[in-house]
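This is the structure I want to talk about, given as structure tokens.
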């Protein structure tokens, strides 16, 4: 990575505007999953230990440019204080007189959490005036919010035009891991692409077909490929307008010498619920009024063998409706195979796949779990991320 990192600056006595991703799930004012807060700790601790005055900025939810009381960041400051072992003050502004006063009262090594940046209408519009207002609070900008790096917003991209900047440790790690995987992968290199819709994964499949040795398909999007091969899919998810594209992808795989794996058997149900009637059928035998909600046992065995023989695996999207216990088996099989494969470097592309390995208690067995669903997806599509492009070059 040719962007400046934390080691390129002397932070002693400097005020740092550090963009983090504290967009955490909350219930009744309590944080239900603090993975993203934990992920930002190394950068926050380093800046504080180096004697910087640390201003943390993040979004939370979608307040659409106005103040929403339930989306204030105060509960995050409380939890952060416990994790850092020192008081983190929450300010009810992200810029302005109150924020300025709080910044001026901060000691070297002190940490301050600014208010939700999306309370300001200019944030998502990348308004230069708002970006300048953020920049006026600090000497250096650090972006550690990989989860928001694909957004060109005032606190992720705009501010970088007005301050010297650097990637934080988390941002650096994400870019290194994903960058290495896509530019210089260990082989065999396998991509596992699941999830509901083909349309969400078009760019990823297209880009990865130029790079991988094996492509494994699962989840709802698989049935458009199954149908494209001439099988009936009953009431399974199907995108009629993507059938030609599915055929093109399968042809491209053949031309590129990529092995293309699709379900050979599935678990079908007569209703989308945990207590529906369900049965295992071959891919050629999906009944007209039933829908496929998971990959079957034969498919799982095939996929497991491919994964265990791979040196690098990128996984994005579940194999079935893992939120329902009855249809979690396929996703669990992939997660278990990666957990057991000691010679395989596994990269979990955020979002649902990350939630699944977390749910199965296998998160610590994965080599790298990306903190950015949308950002890692766009990176895997080969797109440049605005929040990264804007950072200072070495």
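Any Cβ shown, glycine's included, is placed from N, Cα and C.
Fair warning: this is a prediction, and the values are worked out from it, not measured in the lab.
Got these off Swiss-Prot a minute ago, pasting:
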BINDING   21, 22, 23, 36, 59, 60, 61, 62, 118, 151  substrate binding site
MOD_RES   183  phosphoserine
BINDING   201, 323, 350, 351, 352, 353  ATP binding site
MOD_RES   299  phosphothreonine
Whose Cβ, among the recorded positions 183, 299, 353, has more other Cβ atoms within 10 Å than any of the rest?
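Answer returned by the neighbour count: 353.
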Quick check for the class: what is the C-alpha distance, in angstrom and rounded, between residue 201 (ATP binding site) and residue 59 (substrate binding site)?
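Taking the Cα atoms only, residue 201 (ATP binding site) lies 26 Å from residue 59 (substrate binding site).
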Would you please pick out, from the binding-site residues 21, 59, 201, 323, 352, the one with the fewest other Cβ atoms within 10 Å of its Cβ?
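Result for the binding-site residues 21, 59, 201, 323, 352: minimum number of other Cβ atoms within 10 Å at 323.
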Consider each pair of residues in 21, 22, 23, 36, 59, 60, 61, 62, 118, 151, all listed by the record as binding substrate, and report the largest Cα separation in Å as a whole number.
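Max span of the substrate binding residues, Cα based, is 18 Å.
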Any idea what the Cα distance is from residue 61 (substrate binding site) over to residue 351 (ATP binding site), rounded to a whole Å?
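The Cα atom of residue 61 (substrate binding site) is 15 Å away from the Cα atom of residue 351 (ATP binding site).
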Within its own chain, what residues at least 6 apart in sequence put their Cβ under 8 Å from the Cβ of residue 351 (ATP binding site), listed in sequence order?
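The answer is 316, 317, 373, 374, 377.
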Compare the Cα of residue 353 (ATP binding site) against each of the recorded positions 23, 59, 118, 183 and report the nearest.
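For residue 353 (ATP binding site), the spatially nearest of the recorded positions is 23.
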Hey, how far is residue 323 (ATP binding site) from residue 59 (substrate binding site), Cα to Cα, in Å?
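Rounded to a whole number, the Cα-Cα distance is 27 Å.
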Taking each of the binding-site residues 23, 61, 118 in turn and counting other Cβ atoms within 10 Å of its Cβ, which one has the fewest?
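Looking at the binding-site residues 23, 61, 118, the Cβ with the fewest others within 10 Å is that of 61.
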For residue 23 (substrate binding site), just give me the three-state DSSP call.
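Going by the DSSP assignment, residue 23 (substrate binding site) belongs to neither helix nor strand, so it counts as coil.
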